[in-house]
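> One structure, as structure tokens, below. Some questions next.
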Amino acid sequence: MGHTHSRQLFVHMLSVMLKHRGITVSKTKLINFLSFIEEVCPWFPREGTVNLETWKKVGEQIRTHYTLHGPEKVPVETLSFWTLIRDCLDFDNDELKRLGNLLKQEEDPLHTPDSVPSYDPPPPPPPSLKMHPSDNDDSLSSTDEAELDEEAAKYHQEDWGFLAQEKGALTSKDELVECFKNLTIALQNAGIQLPSNNNTFPSAPPFPPAYTPTVMAGLDPPPGFPPPSKHMSPLQKALRQAQRLGEVVSDFSLAFPVFENNNQRYYESLPFKQLKELKIACSQYGPTAPFTIAMIESLGTQALPPNDWKQTARACLSGGDYLLWKSEFFEQCARIADVNRQQGIQTSYEMLIGEGPYQATDTQLNFLPGAYAQISNAARQAWKKLPSSSTKTEDLSKVRQGPDEPYQDFVARLLDTIGKIMSDEKAGMVLAKQLAFENANSACQAALRPYRKKGDLSDFIRICADIGPSYMQGIAMAAALQGKSIKEVLFQQQARNKKGLQKSGNSGCFVCGQPGHRAAVCPQKHQTSVNTPNLCPRCKKGKHWARDCRSKTDVQGNPLPPVSGNLGEGPAPGPETMLWGNTAGSKRTIADLCRATRGSAGLDLCATSYTVLTPEMGVQTLATGVFGPLPPGTVGLLLGRSSASLKGILIHPGVIDSDYTGEIKILASAPNKIIVINAGQRIAQLLLVPLVIQGKTINRDRQDKGFGSSDAYWVQNVTEARPELELRINANFFRGVLDTGADISVISDKYWPTTWPKQMAISTLQGIGQTTNPEQSSSLLTWKDKDGHTGQFKPYILPYLPVNLWGRDILSKMGVYLYSPSPTVTDLMLDQGLLPNQGLGKQHQGIILPLDLKPNQDRKGLGCFP
């Protein structure tokens, strides 16, 4: 019973709604339509309200039923009735009615309205339909039913969505628009100006395309018009077009995270690539490195909200650095907020830091434009106040020139790495010049060696501009044709002048004519016969030349006249350059040194040249220009100064013997950071203490040799384990076994670096096994052990070799001894004054074998040995 009353009430309300729109429908057809709705939609509400959303769901079910069962299962008037009821529930757009109202206001061309005409607001939708019983019934005649069918057929043709297809409706609208334009032109010709209004009737939007049958029936909504285009500058339009064409526009940082378009802001996240590069820069170079600060300055030009700055700092900084940045950022924001409060700017402290009611990112998009500049300034200032990072920077020793890499490309990589680490440009250039020579390949080093001290980076690049693979091939062919090594050919190339003639100044040794050493250290110098002077004719005291006689009296004590001729060459005229008591340009002694104060215990020592120390360089020797010997009866202790230790310079202590006549040098290192030592800077001190002689003394003088350990031997007892030794070969470490039976060292192929060049050797390698044409290194390799022994060799490379073998080409340079001494004989010989590798003898005459002792037969007793 209640169901019947609900249906009658629903039919009655539908009739009232349709009559309100001027359409008369019989109740019989409405009852049949409602029955079909209940059949298709069993869930259709029998009680409660029917709104637009529920009615659209009914339309979806009708469309599904139409698709599955075909048009014969759907009554003809169903789609029309559903469309009529949908429009009764939704009055959102009635364009023709608004246009008609606007046209009525413009009927009198001579009448100027006082105010801008406004559109009539759309009528409110009818109230929701309530389901309650009602006994009222309304019946239609046959004439009314026929009129209803005609009106229903015309109704959906007047729908707004079909203006593009209905010629009559389109013509009516065009006539109205054309009439409106004619009236406007007539008013302008009459001299009457219409008031400007941005809400004047806009130009008609483009009509949508032809609709599908479901859209024409009203089951599907018509497709909307395209959204209005965003306003962009000409440069942004060009970048957007280039991006669509596939061009890379990542270098143009013009897209801020906060944008404005048609007075509406929107947000875009930061590019992941930009955050990744900033994270790598903070990890490798530190947060305060010049390269990292430059990236932060570039990031600060964007309109970043506070949450973006905090997320960027949290992602790129360590935990401690992030807390320091955050506290400094809050402090900077507090200062800015105080200034804003005094000047009446509506940007509070909570807005700047993004806390409180402004914690969400959406609320941070509505700040004043100047607030983003203040936030970026505070974030950048807080970033710059972070402490210098103590993390390990990129190892400069790894920036090495490849065998085929152009020298200018290598210098460019080196300068780029140093520029990212060091902010001091002068110190960076000094370090770059030093590494540009040390990390270059062998060919460039040979070309740069004569100009290492007097050239700069520009000279280095110009000298090595033509050195490449073809140059190395030519050097190798020249060495093969001349029967010389590559080093000798390179030296020969350096010794030629611009005209191709051999230079006279650097042609080699003046004694033997061979390159590679000077005449003072020539091994053949001592083999030449030199006339020994007889008794001096001037003083008659000794055997020396008269020109070298310095005696003031003769053998009888009579005074002698001064020696005629030119005396020794003196210092050049001009002002003297003093470096803490040390006269530059002359050979200084201990007597030339000065103390800092009257009560200073040590004599100050300083470096003579500008030097840069890095942690990768290890211990370096610094020249002081001061030579021995020390005062008689004293010995020197070389110690560091407290001021140098505070700067990070580590001075390694040492002992200077009393009879040492060479140059006193300072052993210094910078284990923690890069240190710059200027010329004349006091970094060490020499403490003189009394010499106490105790124990046995070897009868020889140290002279100018032996700076460092001179009598230290590497001793390794032969055990069941293999005698292994680690060598550093061209900055790489290799461990191998000592092999006294191998003429040339051999490196296993699995340990050989792939970037090192090698060639096929025209020889046969024999040992326990045999191999033909083995591979050999194409260039000379420099090796060095932990004791400072160094040399060059060209090892063989063999596959399937389990270990590396160090042969006699390395062991001979190390000075390795193989002997099996008897403890009793060794102790006896040492007591008699035996010196290793020199033998017995008072004058070190080299008697290695024991003397053949023969007793004196002329005397009796204990005996006398000659």
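Any Cβ shown, glycine's included, is placed from N, Cα and C.
Copying in the features that Swiss-Prot gives for the protein in this structure:
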ACT_SITE  Asp739  active site, protease
COMPBIAS  119-128  compositional bias 'Pro residues'
DOMAIN    734-810  domain 'Peptidase A2'
DOMAIN    821-866  domain 'G-patch'
REGION    103-148  region 'Disordered'
REGION    550-570  region 'Disordered'
MOTIF     202-205  motif 'PTAP/PSAP motif'
MOTIF     208-211  motif 'PPXY motif'
MOTIF     287-290  motif 'PTAP/PSAP motif'
ZN_FING   507-524  zinc finger
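If you look at the structure here, what lies around each of the features I listed?
DSSP assigns Asp739 (active site, protease) to coil, not to a helix or a strand.
Averaged across the domain 'Peptidase A2' (734-810), pLDDT for the predicted model comes to 83.
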> Of the residues in the motif 'PTAP/PSAP motif' (287-290), how many are helix, strand and coil by DSSP?
1 helix, 0 strand, 3 coil
> Give me the non-local Cβ neighbours of Asp739 (active site, protease): same chain, 6+ apart in sequence, Cβ-Cβ under 8 Å, ordered along the sequence.
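Result: Leu805, Trp806, Gly807.
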